[in-house]
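Participant: Grabbed the feature section from TrEMBL, which reads as follows:
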BINDING   Arg68, Glu120  substrate binding site
BINDING   Glu120, Asp146  Mg(2+) binding site
DOMAIN    7-211  domain 'HpcH/HpaI aldolase/citrate lyase'
Amino acid sequence: MLARPYRSALYIPGSKDRALEKARGLPVDVILFDLEDAVAPDAKVSARDTLTAALADDGYGVRLRIVRINGLDTEWGAADAAAVAAMDCDAILLPKVNSTKDVDALAALVPELPIWAMMETPQGILNAAEIANHPRIAGFVLGTNDLAKDLNSRSRAALMTSLQLCILAAKAAGIVALDGVYNAFKDDDGLRAECAEGRDLGFDGKTLIHPAQVAIANAAFAPTEEEIALAQRQIEAFEAAEAAGQGVAVVDGRIVENLHIVTARATLAKAEAISELESA
Ligand SMILES: CC(C)(COP(=O)(O)OP(=O)(O)OC[C@H]1O[C@@H](n2cnc3c(N)ncnc32)[C@H](O)[C@@H]1OP(=O)(O)O)[C@@H](O)C(=O)NCCC(=O)NCCSC(=O)C[C@H](O)C(=O)O
Ligand SMILES: [Mg+2]
């Protein structure tokens, strides 16, 4: 069983039939079916039924299906959670998680599904390590719009400490971390640059708001052909060095040790997982 890729995670308003239909044909790794911010208050209740029916019809193939509910402190949250518990989906996403108590509250309502946490409040960021270690938590999704609002910040640079705290917490706990959305959905160059930055920081993928963003994220978070070729050469060189009783190999003038082989094997496994997903 290969590790699943998380390069692209597209939000789809749970109230929009056309978008729910369109998503069945999009090459995304993850779908974030939204009942929260993408759905207007007067459509919140009917969106539950729309989404339940869409998921029952299926057609989403191997994509990971995650449903974002409204907060449990809202008038819709508890009923959303009960509805999602009965939906045909893979995980539930809780917005504005401040502490493990919020996760406990959802876990009590939804006993089976893995829980993902929106990391988008100052309190939540300060509690990132504890939240990541909660036994029901499977992934973090950065909510950079809410975070910028609460911090009264005006640039991505100002969010960097928060992004990195979440990545540290996620890596230490062995869970997935997805970067926030890029709001200017017609600015491909800007998205490409932000995806590259997110990849360099260590995120597993990027959350998206429009189908036109999918290919850019998929390319940015996949190993490049050069990275794959280098990983193969590193493994070959290291195995040859080991056979000759050496603990270190040299490739392209750089040392290659056991720890680099761990990264090289992870690169190949990710490339294989992507290839398997795309041919499914
Ligand atoms: C941003 C949009 C409102 C733009 O919509 P629209 O003007 O309709 O776009 P297009 O006409 O270019 O759409 C072309 C076709 O693509 C389909 N479409 C559009 N968006 C999606 C989507 N997200 N998923 C699936 N399909 C989509 C349209 O139906 C058109 O199809 P067709 O009829 O075949 O041509 C819109 O993209 C949108 O609503 N996006 C989602 C917004 C959203 O989910 N927001 C909430 C999540 S972001 C967030 O909350 C972040 C976080 O919490 C934080 O704090 O940061
Ligand atoms: Mg948000």
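Keep in mind that glycine also has a Cβ here, set from the backbone N, Cα and C atoms.
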Participant: Mind running the binding-site residues Arg68, Glu120, Asp146 against ligand 2 and keeping the ones whose CB falls under 6 Å of it?
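Facilitator: Within range of ligand 2: Glu120, Asp146.
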Participant: Across the domain 'HpcH/HpaI aldolase/citrate lyase' (7-211), what does the pLDDT come to on average, as a whole number?
Facilitator: 97
Participant: Any of the binding-site residues Arg68, Glu120, Asp146 with a C-beta atom under 6 A from ligand 1? Give them in order, or none.
Facilitator: Glu120, Asp146
Participant: Looking only at C-alpha atoms, tell me how far Arg68 (substrate binding site) is from Asp146 (Mg(2+) binding site), rounded to the nearest Å.
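Facilitator: The Cα atom of Arg68 (substrate binding site) is 15 Å away from the Cα atom of Asp146 (Mg(2+) binding site).
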Participant: How many other Cβ atoms sit within 10 Å of the Cβ of Arg68 (substrate binding site)?
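Facilitator: There are 26 of them.
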Participant: Might you list, by sequence position, any residue in that chain lying six or more from Asp146 (Mg(2+) binding site) with a Cβ less than 8 Å away from its Cβ?
Facilitator: Pro95, Lys96, Met118, Glu120, Thr121
Participant: Give me the count of other Cβ atoms within 10 A of the Cβ belonging to Glu120 (substrate binding site).
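Facilitator: Total other Cβ atoms inside 10 Å, all chains included: 25.
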